[in-house]
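Enquirer: In case it helps, TrEMBL gives these features for our protein:
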type    : residues             : note
REGION  : 1-23                 : region 'Disordered'
BINDING : CYS36, CYS61, CYS122 : [4Fe-4S] cluster binding site
DOMAIN  : 36-419               : domain 'Nitrogenase/oxidoreductase component 1'
Amino acid sequence: MSGSVSLLPERAPTVPSSGCSEPSVLRERGQHEVFCGLTGIVWMHRKIQDAFFLIVGSRTCAHLMQSAAGVMIFAEPRFGTAVMEERDLAGMADANEELDKVVARLLVRRPDIKMLFLVGSCPSEVIKLDLSKAASRLSKTYAPDVRILNYTGSGIETTFTEGEDRCLAALVPELPVSESNGPELLVVGALADVVEDQFARLFGAMGIENVAFLPPRRSGELPAVGPNTKVLLAQPFLTETMRELAERGAKHIPAPFPLGAEGTTAWLKAAADTFGVDPMTFRSATAAAEARATRALEPFRDALQGKRIFFMPDSQLEIPLARMLSRELGMEPIEIGTPFIHKAHLAGEIPLLPEGVVLSEGQDVDRQLDRVHAEKPDLTVCGLGLANPLEAEGLTTKWSIELLFTPIQGYDQASDLANLFAWPFDRRTRLQV
Ligand code: SF4
């Protein structure tokens, strides 16, 4: 392992009526073209402001992060890679000793770090470096000043949004036990601070006061959890995190996800119903913002109505996005590919998809590309690796990773979300001109 850590820098409440009940699912088990879970660090490091993500990986991992995070090169670096060298991989050096030295140097240089995630990669898994043991060994040295945790972002085990799921799941055992006698709301999933503030205000206006968010903005603000905790997922890819929270007694509130005006209302309504908020209070809290969002979507509906869209499996956001784009903007999903379909978490979404749409779970990239070529969709949502070749063939694409970098949840972001899908058409028109 190299001695240096390479550092980078809202009418009456709308209960959506269903378009289709149970679309058939095509299950694909072939070659994947998806980023690994390390990519989640790009948005997670911005969220927990005193955390640091130390990837225990190779130069490939460091390069991936440099490319994925290139846009943030001027930001204060809160992630880096402890690069494993050939000596580590060949077992000629004690990788644990090397890791301890790297962590020691990092924490001396960066006393602002209060939570350190050791993030596993393909190389650390291949040499079976046990990062959970390393985290507990290092915790003994650095507690209580620094909490040291671990999770895997390896491409062998995770697709790119699963990195966030593994990170949050690693936090759950650290959450204090709730001593609340009444219900408390825990919103789970990384949201931009501005979005989190908007939701906190809306919950407050509904009279739901006991609200916390996971992840927190600072590592010392971990929310409590217990049998009175009701969990509202803000992201659809948090399977492992929800399983860990359920083991702590928390209950999941089934809901669509807060994308678009309708989706945001349905998501807030699920919480309101769980907390016994009366319909009048709910409407007075949400009606103005919902109406504003609906108005803001109108120009995009004119531009996107009738456009056929194909989702390659990538972010796990595909099903909620297809629901929003079809119901609120009139787009026509042809196929909605997604790496995994967690039926319980998507129970509020799948019935709202249009009749006849193809759902596919998993990936067989060649077969999916054949279907893209046959269908010639107006827009293909896919990862960076597929976008360039498809653009070169004359197809219009949208990078799915942008949907994680950009605040898209909630009423005030509905038009930004729509704009992400309108922009590729605009770009192509300009290029043709
Ligand atoms: Fe590549 Fe694996 Fe490193 Fe991800 S974790 S960048 S897939 S080597």
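FYI, residue positions are counted from 1 along the chain as it appears here.
Even glycines carry a Cβ here, placed using N, Cα and C.
TrEMBL entries are annotated by machine, without manual review.
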Enquirer: Counting across all protein chains present, how many other Cβ atoms fall within 10 Å of the Cβ of CYS122 ([4Fe-4S] cluster binding site)?
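Expert: Step by step: centre on the Cβ of CYS122 ([4Fe-4S] cluster binding site), count other Cβ atoms within 10 Å, giving 18.
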Enquirer: From the centroid of the CB atoms of CYS36, CYS61, CYS122, the recorded [4Fe-4S] cluster site, which same-chain residues not already listed sit within 8 A by their CB, in sequence order?
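Expert: These residues sit around the [4Fe-4S] cluster site: LEU38, GLY57, SER58, THR60, LEU64, SER121, PRO123, GLY153, SER154, GLY155, ILE156.
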Enquirer: For the domain 'Nitrogenase/oxidoreductase component 1' (36-419), what is the mean per-residue pLDDT, to the nearest integer?
Expert: 93
Enquirer: Across all chains shown, how many C-beta atoms besides its own are within 10 angstroms of the C-beta of CYS61 ([4Fe-4S] cluster binding site)?
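Expert: Other Cβ atoms found within 10 Å: 25.
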Enquirer: According to DSSP, which of helix, strand or coil covers CYS122 ([4Fe-4S] cluster binding site)?
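Expert: Assignment for CYS122 ([4Fe-4S] cluster binding site) reads helix.
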